[in-house]
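To start, the structure itself, in structure tokens.
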Amino acid sequence: MPAAIVHSADPSSTSILVEVEGMKCAGCVAAVERRLQQTAGVEAVSVNLITRLAKVDYDAALIEDPTVLTTEITGLGFRAQLRQDDNPLTLPIAEIPPLQQQRLQLAIAAFLLIVSSWGHLGHWLDHPLPGTDQLWFHALLAIWALLGPGRSILQAGWQGLRCGAPNMNSLVLLGTGSAYLASLVALLWPQLGWVCFLDEPVMLLGFILLGRTLEEQARFRSQAALQNLLALQPETTQLLTAPSSIAPQDLLEAPAQIWPVAQLRAGDYVQVLPGVRIPVDGCIVAGQSTLDTAMLTGEPLPQPCQVGDRVCAGTLNLSHRLVIRAEQTGSQTRLAAIVRCVAEAQQRKAPVQRFADAIAGRFVYGVCAIAALTFGFWATLGSRWWPQVLQQPLPGLLIHAPHHGMEMAHPHSHSPLLLALTLAISVLVVACPCALGLATPTAILVATGLAAEQGILVRGGDVLEQLARIKHFVFDKTGTLTQGQFELIEIQPLADVDPDRLLQWAAALEADSRHPLATALQTAAQAANLAPIAASDRQQVPGLGVSGTCDGRSLRLGNPTWVQVATAKLPTGSAAATSIWLADDQQLLACFWLQDQPRPEAAEVVQALRSRGATVQILSGDRQTTAVALAQQLGLESETVVAEVLPEDKAAAIAALQSQGDAVAMIGDGINDAPALATAAVGISLAAGSDIAQDSAGLLLSRDRLDSVLVAWNLSQMGLRTIRQNLTWALGYNVVMLPLAAGAFLPAYGLALTPAIAGACMAVSSLAVVSNSLLLRYWFRRSLNHSVSV
């Protein structure tokens, strides 16, 4: 199966996804990104800790075989392979390592922890189990913990050290290894009087595995939205094998065979039974039913459908059997496009993450340096400056008894070397680069998933961050603030030509156009039962009009300036109506007056944005009087309207606003909005808009409702707030806990951490970040329930 390669507009530039197993912290991410960026031909790299994917942009002329990328990654000690399918509907949710295996490791570690603890409890209760109070017994337990449930962690840590890319596992290896080696020395040479740390490796690995198992479950839950989307695609369907030989009226009862959905092709006929999801985008050729389209469109009520209607993959057939001719299958369906957009959004990093990445890239080196300094300081200067710390007990340590058993008492004094070793180990295991690495991607993962559930497709975490900072919203008029369903209310002839012929010419020039004004002219011609005529040499100029030849006449249809006909005075119409002018080479021929209605939710959306301190403007290519009339209907002042603007001038207007320091969001739907959408800090396109507008936008509102703008803005602000909370926690945790573990509070307050407690703190830290990101689901849904419905 070919690798999932996506070619960009640049023929020499290629993007590919690489699955990377074994990454545990931000240090792992930084190591992979650094190694790939050093590879000749690689242009850009983005590695996601949550999805365990690396997106690599590279020059295909310099890298002919992309497996060289996986070779570079495996050289760091990680397992890597190219993603082998570009159909997002067939891709499993990353779950590495499997939760089942991790739970087994946790169960073994918990058993060892209980057995180890029982020796202490039995000693306290004066009823120890035979042998459990012996240090050799605990030495064997520690070996079992290290080589059993802890083996994968220690192996990954050693690989990181060996390859020059130390990570979280490397810190655990150094901490547990140091504790165990020191304990062996104490066990083999009891005359040294050293304390044994034999319970520390067991407790430390138990806490770490508990934290990672809970963290893995939380990660899996954070991908719930993507899982829900994937679940909309059935695996099999009923395929009609020879539909051409079956009469149309017999298609519903024709025999069918079970067929894998992944093997369907355009032109296939499928039967869809009641209670089954539709597997393809296509057209109904037999039957009528009702469909549940809520997951894709947000429409809560079942929608009737009949022969000739188009349906989308993932919608649920509710009542009767249907036969559908497939038009788009697999990766070409609308559902696949949504899943792909969500997956790509989760892969793209928010700018705020660069700060965490900059720290995490050298975090492990810094921790190792702090641990070394801690050991050196307390072994020499610290114990001399504050000798009283040597008289303080070190809680949780096992000490030698003369009979090679163990006690839970503490010696009255410790050697400086013992104190230094204890604190250095605590520094190694308390540090948490995991929290830094998880702070941003977990929040983005949850936020983009929530957005998808609301029919909002976000291009990436960077778009969410930009949207959260937006305070200036600019709306296109036609099809955005209005319904885009124009009605021709008047034909005003300006020359001696039959009005029906004028309408035929206008409809011919606008044939095949999706613009709302064009649709209105075509609909009016059909309603008048006018025979369609052909137009040749048609040429569309976005935002201005269209030209062509009809009945031997060279015609232009569009705004009066563009049709370039000198006239003393243009006729006037309704202030709220939109005009389209038809002219030939000599004169104006007609003016078509069309009227549109505002979207029902437009006024409330505009007022809701303004009530939250946002500035709202209208930017339109329509007449000034028409745009101002709409603004007044929406409660906006005439000063907020900029009308009669060409497409390139729209982009210039957005650029001018942003040059004043304002981050601007542009909401539009047409071809003429594409330059402005691309220029704005955040471009927002409605689903009914043109393909060019959708491609230029960072946000796509698939439910084609303006209130989705409010939902997206609210979600982006909540998501950014969650990211900041996560980063504050991750940084604050390390800023506080590293000095505490290093003994900074030991002389004055007698506060320090044992390695086991340090390991527990580390596990709790990363779990707190993931849990806080999951809370975003709760707070967002609560905000939806308490927000004003528009």
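Each Cβ is built from the backbone N, Cα and C atoms, and glycine gets one as well.
Considering the side of the membrane named for each residue in Swiss-Prot, Ala156 and Arg777 coincide. Taking CA atoms as the reference points, Cys25 (Cu cation binding site) and Asp476 (active site, 4-aspartylphosphate intermediate) are 44 Å apart. Put simply, Asp476 (active site, 4-aspartylphosphate intermediate) is 45 Å from Cys28 (Cu cation binding site) when counted between their Cα atoms. Across the residues of the topological domain 'Cytoplasmic' (212-357), the predicted structure has a mean pLDDT of 82. Residues in the topological domain 'Cytoplasmic' (155-166) partition by DSSP class (helix H, G, I; strand E, B; coil) as 8 helix, 0 strand, 4 coil. With every protein chain in view, the residue among the binding-site residues Cys25, Cys28 whose Cβ has the most Cβ partners within 10 Å turns out to be Cys28. Packing against the topological domain 'Extracellular' (750-753) from elsewhere in the chain are residues 389, 392, 394, 422-423, 426, 430, 737, 740-741, 743, 761: each is 6 or more residues past its ends and has a CB under 8 Å from a CB in it. Secondary structure counts, DSSP: the topological domain 'Extracellular' (750-753) has 0 helix, 0 strand, 4 coil.
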